[in-house]
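Per TrEMBL, these features apply:
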DOMAIN    18-443  domain 'Amine oxidase'
BINDING   Val235, Glu420  FAD binding site
BINDING   Phe340  substrate binding site
Amino acid sequence: MSDKLNLSSDVVIIGAGLAGLAAAEQLTRSGYDVIIVEGRDRVGGRVKTINVADTEVDAGATWVGPHHTAVRGLASRMGVRLIPQYHSGKSVLSFDGKRQDENESAFASGLANDLSRIALSLETLADAVPVAAPWEHPNVDYLESMSFGEWLATVKAAEETRAFFNVLSLVHWGAPVTDVSLLNVIRYIKCFGSLEVMLKVEGGDQQDRIEGTAQGLIKRFANSLDARILLNAPVEHIITNDNGLTVQTPREEINAQFAIITASPAHRSFINFTPPLPEQYYGLARAWRQGALSKAFVAYEKPFWREDGLSGESVSDNETVFLTFDVSPQDKSTGIIMAFCDARGFDGFNQEERQRRVVEQLVHLYGERAREITDYADFSWGNDTFAAGGPNPAVGPGAWRSFGRYLSEPVGRVHWAGTETAHDTSGTMNGAILSGLRAAEEVTKRLGPVNPR
């Protein structure tokens, strides 16, 4: 006889990130009983807070664009303010070790012209992509035959342009342009409406941050729900039969009618299923591997770069730090630079060496005052058990055509959510919420009506 705690509900949701919480809210509002199980010791999923210089910062998902209506609505309901991402001043570009202030060089002008040419070509391709079913694109064989890097070579992108798009690829997929398919890139652009929206701060995807961190918002959201949340409860086994399903964790056994799994596609294969999932779903898990991305935060007595007319934003082909932003508190009580780091090499160093490399690049970008740090912290998503690697999957050539339809197609009583499954703002907090609402609606239709609470 099992010594596990036996529980029951109408629906069990696997994952207490935004997708799972959004699904739970919709289902409980409709009158269904919901249990959420989360393998981590916290809510939030790929949203995580760490501390630097006595200031909480977002080590995971960070920004809210003006078009992220689901997140903005949630923040409003939870009484949480959005604050603008600092953007005043000039950005810094550094390619091949040559540092230039944006808009002050022929280099920057030439880069802008070539970027505009390539961006127009990408957006023309993206316009024709059916976001919900990109494998149905009439030219899918061509689009899936090459990596983004190979396509950039065919359109004769300048070396600096290729380097710039490599940074874009590292930020969004945690992988270089050689590892992601052309179809994956243009579908992603279509999900956001344009490449400009993806890249911009004001009016774009990086416009605002959440006051008190994104995880602070999620904690409020979780506390507001009429659902049971079990932490430190990694799902080991899901057993389905004609009458329902059973979800097993190390300490609990939960009987329910349906399950919604919000884990990353790559993590689905870590759960045992009886009966097994169709082979295509395991193929999906292998093809939708997480990228490799880390974040570092460097603190100073004040945001000194602002005195030099700099925004704290930089783009670089440096092997350690390829993108930076100013995430200093609004009261300017301390200055904080957030650095995106290529985890493929970065994570192999000890913390002392990681800090040294980050600071050296900041000195290159912002001058000798960047050595005068007051604190340092970093976080490697490669060490996260449930989303190891980075924020989004690095989907290579051929994967969408072979496995894309299995991202969100239910298997029996098991439904899927998570930001990767969203057709709008995929890869963001907004996409996560939308995916949870979509999965909750699917399950509601199958459960039938009950008296609303």
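From the backbone N, Cα and C atoms, a Cβ is placed for every residue, glycine too.
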Next item on the list: Measuring Cα to Cα, tell me the gap between Glu420 (FAD binding site) and the residue listed as 'substrate binding site' in whole angstrom.
Entry: 21
Notebook entry, point to check: Sorted by position, what residues of the same chain at least six away from Phe340 (substrate binding site) have a C-beta under 8 A from it?
Noted result: Leu170, Val171, Leu293, Ser294, Lys295, Val321, Phe322, Leu323, Thr324
Item checked: Coarse DSSP state, helix versus strand versus coil, of Phe340 (substrate binding site) -> strand
Next item on the list: Report, as a single number, how many Cβ atoms besides its own are within 10 Å of the Cβ of Glu420 (FAD binding site).
Entry: 23
Check: Within 10 Å of the Cβ of Val235 (FAD binding site), how many other Cβ atoms can be counted across all chains shown?
Finding: 24
